[in-house]
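> First the structure, then my questions, so here it is.
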Amino acid sequence: MAGKLRKSHIPGVSIWQLVEEIPEGCSTPDFEQKPVTSALPEGKNAVFRAVVCGEPRPEVRWQNSKGDLSDSSKYKISSSPGSKEHVLQINKLTGEDTDLYRCTAVNAYGEAACSVRLTVIEVGFRKNRKRHREPQEDLRKELMDFRKLLKKRAPPAPKKKMDLEQIWQLLMTADRKDYEKICLKYGIVDYRGMLRRLQEMKKEQEDKMAQYINTISSLRHIRVTKDGNAKFDLELDLKDSQSKIYLYKDGEMIPYGFNNQTKHCLRRLGKRYEFQIQDLRPEDSGIYQVKVEDAVVFSTELEASAIPPRVVVPLAETHCEEQGDAVFECTLSSPCPSAAWHFRHRLLHPSDKYEVYVSPDGLTHRLVVRGARFSDMGPYSLGTGLYTSSAWLVVEAGKDKDLQSTSADHKLQSRRSGKDGRLDIYGERRDATRSSTSRYKPGTGSFSKDAQGPMGHFSQGLADMEVQPGEAATLSCTLTSDLGPGTWFKDGVKLTTQDGVIFKQDGLVHSLFITHVQGTQAGRYTFVAGDQQSEATLTVQDSPTIAPDVTEKLREPLVVKAGKPVIVKIPFQSHLPIQAAWRKDGAEVVGSSDREAQVDLGDGYTRLCLPSAGRKDCGQYSVTLRSEGGSVQAELTLQVIDKPDPPQGPMEVQDCHRAGVCLRWRPPRDNGGRTVECYVVERRQAGRSTWLKVGEAPADSTTFTDAHVEPGRKYTFRVRAVTSEGAGEALESEEILVAPEALPKAPSAPAILSASSQGITLTWTAPRGPGSAHILGYLIERRKKGSNTWTAVNDQPVPERRWTVADVRQGCQYEFRVTAVAPSGPGEPGPPSDAVFARDPMRPPGLVRNLQVTDRSNTSITLSWAGPDTQEGDEAQGYVVELCSSDSLQWLPCHVGTVPVTTYTAKGLRPGEGYFVRVTAVNEGGQSQPSALDTLVQAMPVTVCPKFLVDSSTKDLLTVKVGDTVRVPVSFEAMPMPEVTWLKDGLPLPKRSVTVTKDGLTQLLIPVAGLSDSGLYTVVLRTLQGKEVAHSFRIRVAACPQAPGPIHLQENVPGTVTAEWEPSPDEAQDVPLHYAVFTRSSAHGPWHEAADRIHTNRFTLLGILPGHEYHFRVVAKNELGASKPSDTSQPWCIPRQRDRFTVKAPCYREPDLSQKPRFLVGLRSHLLPQGCECCMSCAVQGSPRPHVTWFKNDRSLEGNPAVYSTDLLGVCSLTIPSVSPKDSGEYKAVAENTLGQAVSTATLIVIEPST
């Protein structure tokens, strides 16, 4: 049966349309109500009701797996006239009636069918009754054998052990939201430790990456595309474009290419690097790393669960007889819970008709089609999302027409390599010659073919073909014997000559001709002859087409203005699914945001949208439309016009002096798509905000000269390129100063050649530098010494550089200066000359007198002398000091110029070297004869006898307290340095005493003074000649005195009291001491000094008053301090004699002052930092006087050594010397007496210091 399958609005109902077109008012059969599955006990009657519809009224038939229900005593089929309801009643149910019952409604236009299962519940001994169930038993046995076969699969591959270093690299580039998942996957339990280590590793990695990379951004982890490929990408800004990039998988480097022909490929676009993994398989899972040289820059993981399952064992074509069961089986590379079965692109759901099985490992999927009919014939497929495996079910007619019971020989058909006539997992069509005698042998795990029967078979089957639309196609096959004319089918539908095909038979060769192939004629063609059949696929390469007028329009460049949107819509025609790929200058156009390019593919068109066109969008665009039938490409040129870029700089600005300012620039990098017409030049004066247009330069010139500038002013220039779109951005220069015409520089100071009372002759040198090339002459000026007024000597410039000034006054002192004159004007005056007298030349001075050496050192000699005897006109104006070494005959001056005074120190001499010295007087008339010393002077200090520098502040006796540090400096002078020796009591110093001598100072240091350090210390200075000088002083080391002994009081004279005490034990020592006596009149009163500096052991206090108590205290003192006091044990008191008198006390009743405790001032809370002292106080009142007890957190603090409390006249205090956090808490003071108690509480909070 051939036809077209349609859907029903009731699930479980299949409708097969037998004709191409149904006349108006007619329809195929359908069910309004299908029978309901029932489970009834044995002996009951089963009733199935079906309500059918259709025009003309369909005929209803009931069947089961055994055939017709012709036994009228067992089966009763009825329907009411005019009613759509049809009833099947099964009487007296037995276990044999358990079966699948099928209701079929048929009319002239189609067939509708549904199935229902009846289950008979047996009771008693009938449960164990053996029934005839060969087909079911065979099916069950086959399924069990198949399950055993699945259990024999190899154990799963062991899980790959990942390198811990790779896991850390993966964490460094992973998103923070994925940290927890990665840690759980690889068993990292210390999450905080992981974060700390990750931070350290990131710093190390950044330092390492900084050697090769400027920046890295836009990291996108690995993802699987719809094409079954995986890709990941990142943006890298390499410091060196020649740096090598490596790709690693699980720590091993893998090669990659640059096109889609390799397993791993790299695509680069600018700074973006995209890695692709083609043809994903389970073994491709793992951690991928990208390295630049030896630095890891990116890590990502491809999980096995992300790899789409592939078809390992595809579906095989299945043959079964009508009403038989057909089995399809497919094995995947990995479990796929979402795998779905389809029949003619219709999703199949598990039901009584279709049973779906999945092996325990989730790899093998099986579909069982129960009760196959001709309407079930067609392609069945299993889809996993990316991959699909398809095969045909061929339903063959049974051996008799009565629908006899069929054995469930739904055996699996063998899949012949290259001849199974179906799509393999790579989508390639293969030819097949399939015989219905192929059978699957259970338990063998392989396929075989039964022996051929005596009938003919195909010696050459149909072959797959691919043709273009409009071409002719021929499908032919050859039989070994004549099996009749045969029948041609297309997609299961019988073909006739009315379908536009031509059938031919030439002997045993059967052919099908199509003169002009159309896209609708593509499909699966089958030729059936007898029980033999051959199939092939005719593919029409219906490539997409673009209208010629559209192509013609695209040849013209598309011109738009910058900032405007660009929308390019290209319509096309195609009967197959289309993929559109846009490219710009060979690079793929991919848009990811509203500001970038957007590519859209609609129904019959593809569109490229640029929201805001820019100059970077200019270029050659192409779009490739690709389908299974072929591809077509269209190209267009996009031109975006805009204002030009600024001219390229920097702008060269040159001051051409009298010609003006010359500007030079380079043409703009981008002219905006239009030719530059001219350049506009503007300038702005410093301090102003207005730009002034100064001119235009032609397009072929990039120079301009502005002659209208003022010297001495600052200007800024800018240049714009101008096109038909307008003026572009400006190139601005730096600020330039237009320099005025250069004036000559100043000449040097004039030199005096000669001077007399008649005139002074000068000479000078010409100036150098800008403006000094053309000197017209020189102006000479003079002034008197001490005056500020310069007077011109000449009115006209002097061309020579020598001049004699004659207008001078004899005896006056003059200074001169010169100014150069050029065509641009006079320059700056030069510096003045030295002062010179207008007088006749002087006579040389006389000899220097009284030359002598006043001081010497190792490197210097100081001289002094007296001036020569003078007469009028020969006074000395300076002196020249010269030295001559003892090993040389040459006199060398010690200074530059002359010495104006009569003393000089020659420095920088060699120690111990001998020198001859001479001095010469100098004036304007010349030099005098030199005056020299007769003896050789050595550069060495003058001998000074040792002497101590002792003054009135120097002490001969030093008293020091025990334990103090002693420092005794002694100053002296001597030359050369003498030998210094320290002695104590005439003997060398002990080792713990330290002496230091340097630069005329020697010092004694005793770090810790003891009583043994007392004594006479002597410093001895001994010269090289053995002469000695000594200085002595005494050091007394003492301690504070000990306390005096007990004090005894007695009254020797009435009205006085005499205090005597035993002397201090230190009184017998050399240190003098004295005593001080103090008294007070009460036990708590202050002490008053009664006497001081008492050198005896007795003191008498006068003015004793009867009835007063007197307490005495004695303290021993010396110059180092006072001793501890010695007090009287009992005070001194003289009884007061009183006269007797009688007092009559008044009688009164004393009031009752009893009162229970109450707090006048309560405790308050404290907030203190750690380590501070805390004092809590309160005031309590009560009679009898209450007793106060302190508590902390309801625990008594009595006996706690860390705190102490006081109670003074009702003011109670609790003191904690140094609080700590453990002292925080609630404190309570409880006051109690015989009448009651009172409580006051407060809180103490101790703040810990922040770390």
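Using the three backbone atoms N, Cα and C, a Cβ is placed for every residue, glycine included.
Quick paste from Swiss-Prot:
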- 188-221: coiled coil (COILED)
- 403-433: compositional bias 'Basic and acidic residues' (COMPBIAS)
- 434-449: compositional bias 'Polar residues' (COMPBIAS)
- 29-119: domain 'Ig-like 1' (DOMAIN)
- 309-398: domain 'Ig-like 2' (DOMAIN)
- 454-539: domain 'Ig-like 3' (DOMAIN)
- 646-741: domain 'Fibronectin type-III 1' (DOMAIN)
- 746-845: domain 'Fibronectin type-III 2' (DOMAIN)
- 847-942: domain 'Fibronectin type-III 3' (DOMAIN)
- 946-1030: domain 'Ig-like 4' (DOMAIN)
- 1043-1137: domain 'Fibronectin type-III 4' (DOMAIN)
- 1151-1245: domain 'Ig-like 5' (DOMAIN)
- 61-81: region 'Disordered' (REGION)
- 403-454: region 'Disordered' (REGION)
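Are these features on the surface or tucked inside, and what touches them?
Listed by sequence, the residues of this chain that lie at least six past the ends of the coiled coil (188-221) yet keep a Cβ under 8 A from its Cβ atoms are 167-168, 171-175, 179-180, 182, 232-240, 243, 272, 292-298, 300-301.
Predicted-model confidence for the domain 'Ig-like 1' (29-119) is 88, expressed as mean pLDDT.
Helix, strand and coil counts under DSSP for the domain 'Ig-like 3' (454-539) come to 6 helix, 45 strand, 35 coil.
Residues of the domain 'Fibronectin type-III 1' (646-741) grouped by DSSP class, helix first, strand second and coil last, total 3 helix, 55 strand, 38 coil.
Sorting each residue of the domain 'Ig-like 4' (946-1030) by its DSSP state yields 3 helix, 48 strand, 34 coil.
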> Using a Cβ distance cut-off of under 8 Å, indicate which of 309-398, 454-539, 646-741, 847-942, 946-1030 has the most pairs with the domain 'Fibronectin type-III 4' (1043-1137).
946-1030
> Do the domain 'Ig-like 3' (454-539) and the domain 'Ig-like 2' (309-398) share at least 3 Cβ pairs closer than 8 Å, excluding pairs fewer than 6 residues apart in sequence?
yes
> Can you break down the domain 'Ig-like 2' (309-398) into helix, strand and coil residue counts using DSSP?
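Residue counts in helix, strand and coil order: 3 helix, 46 strand, 41 coil.
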